[in-house]
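Note sheet for the following structure.
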Amino acid sequence: MVQCKPPQEFSFGPRALKDALISCDLALKQMYTSAFSPSERLFLSEAYNPNRTLFSTLLIHSAYDWLLSRPEAPEDFETFHASLQLRKQSLARKHIYLQPIDLSEGLAGCPLLDHLRSCAEAFFLGLRVKCLPSVAAASINCCSRPSRDTDGLQLHTDGILSFLKNNKPGDALCVLGLTLADLYPHDAWTFTFGRFLPGHEVGVCSFARFSGEFLQAGSSVPDSALLEAAAAGGPETLPRERGRTLCFSALGMVQCCKVTCHELCHLLGLGSCRWLRCLLQGALSLDEVLRRPLDLCPICLRKLHHLLGFRLLERYKRLHAWTRVMVEIWSGQEAGEPSVSEDTLPFSADSGMGCESDTEPVTSPSEPVTPDGWSHPFPDGPEPVSEDGLGSLMASEVSLTLGGPVDAMEEYGQWLTACIQTLEREGAEEELLQVDAAVDALSRWEMFTGQLPVTKQHVPCGKDNVGLRRVLGDKFSSLRRRLSSRRFAKASSSHCRWGAEN
């Protein structure tokens, strides 16, 4: 992969970021002022403050980053607010359901579901997160195939999404399937981290790629005949991998929490983020996944706040409490089991999607695929949207070595502490006025949205161009007469031929 050394900043500028957060619409501006206190608005102004300290500008690390591979107009709050009018989602339902698939407490060597549930309840403050009883993949009408880079099987996402849609609880705001099995959305893709079905608020995500080198199988190589039958698509022939366990390091657990919250945000209606470093960025390589932060940028945070109505300070305090618990748990485990992890999460050999056709070589897993690219029919509903399938074709096999994940969690806790201190700061209104005045004094940057400006019909001309206009007018009149006479001559000749034939 071609790397940018050092990484290059990608920014829309303070004025564009402010418009994305607050909007240029008067009603949405008034909504923003009434929804947030001065201290909250000062905190959110970090989105467009040139001297921001809490949120980071996007960085381009390679020529194949998701941001460059899928250039699209980013979703600002005004666009998000307008899209809600088209959704039938009822926010009176306050339950998020997690549907484990071949996954139960203790299977992964730690209370994985408990960690995910507590993280999601802090992240989506005001919603209750429930775990449904685990279902066997063999009981789902789901196609499968042998994995290209492991000894296990990969499950096709469409069958799982159909199952979740047909078995969605009546009080569910959304349902997210969780599996330790690898997933694939199309035959041409090597794998995907997740996929959701727009309009039905159901999705599925896989944690298989976050186990690193800790995949252990009691029976690692199933019978070849069963593999061939399973690859043919028969759910009855899907072999059960007995004794299969996944052991997660602290790094892997954090990635599981990030992917879960990422998918749930999409199920609630938030689009991918292209403004600042944010959990809702897409990813085309594993290092992009690992670089994503565990929280939202201010623009996406306003979208989530609009849906759930929490207080920002309370949410960050809940996340801080969850982080402290996680640090205590993993600090004890690392002290007792130093050999469990060297905090190295290896890339797969293909680093994601394998392209075996002549279509677009790199496609975003976090956006709807184009009809002529990776389109794939889905019965009785809209096309599912893939999330974070790794799609860089130029990636080679590399190993990403990070610092201690517990240290990273402690840094995240320190960042949350800084957010809490900003939200508790007094005299925020005066400081906010200074920031707004400095940003409003900057020149506005017009964003290209993919539509060319409307051609002006009347171009004002000066009086000194009267002669030129007369000459051009005479010329066009002459051409018009010639064309008219030519059409009349052709019409006459064709009429004569038609009469002669009769």
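Cβ coordinates come from backbone N, Cα and C, glycine included.
Positions annotated as Zn(2+) 1 binding site by Swiss-Prot: His262, His266. Classification of His266 (Zn(2+) 1 binding site) by DSSP places it within a helix.
Sequence annotations record features per position, and here Swiss-Prot assigns active site, proton acceptor to Glu263 based on sequence analysis.
Swiss-Prot lists Cys273, Cys278, Cys297, Cys300 with the feature Zn(2+) 2 binding site. For the recorded site, Cys278 (Zn(2+) 2 binding site), the DSSP three-state label reads coil.
Feature annotation from Swiss-Prot assigns region 'Disordered' to 336-383.
Distance from the CA of Glu263 (active site, proton acceptor) to the CA of Cys273 (Zn(2+) 2 binding site) is 13 Å.
A count of other CB atoms within 10 A of each Cβ picks out His262 as the most crowded of the binding-site residues His262, His266. You'll find the Cα of His262 (Zn(2+) 1 binding site) roughly 11 Å from the Cα of Cys300 (Zn(2+) 2 binding site). The Zn(2+) 2 site is set by Cys273, Cys278, Cys297, Cys300; from the centre of their CB atoms, other residues of the chain with a CB within 8 Å are Trp275, Leu276, Arg277, Leu279, Leu280, Gln281, Leu296, Pro298, Ile299, Leu301. Secondary structure at Cys300 (Zn(2+) 2 binding site), as computed by DSSP, is helix. Counting other Cβ atoms within 10 Å of each Cβ, the binding-site residues Cys273, Cys300 show the lowest value at Cys273. Cβ neighbour density within 10 Å is lowest for Cys278 among the binding-site residues Cys278, Cys297. With respect to their backbone Cα atoms, Glu263 (active site, proton acceptor) and Cys300 (Zn(2+) 2 binding site) stand 14 Å from each other.
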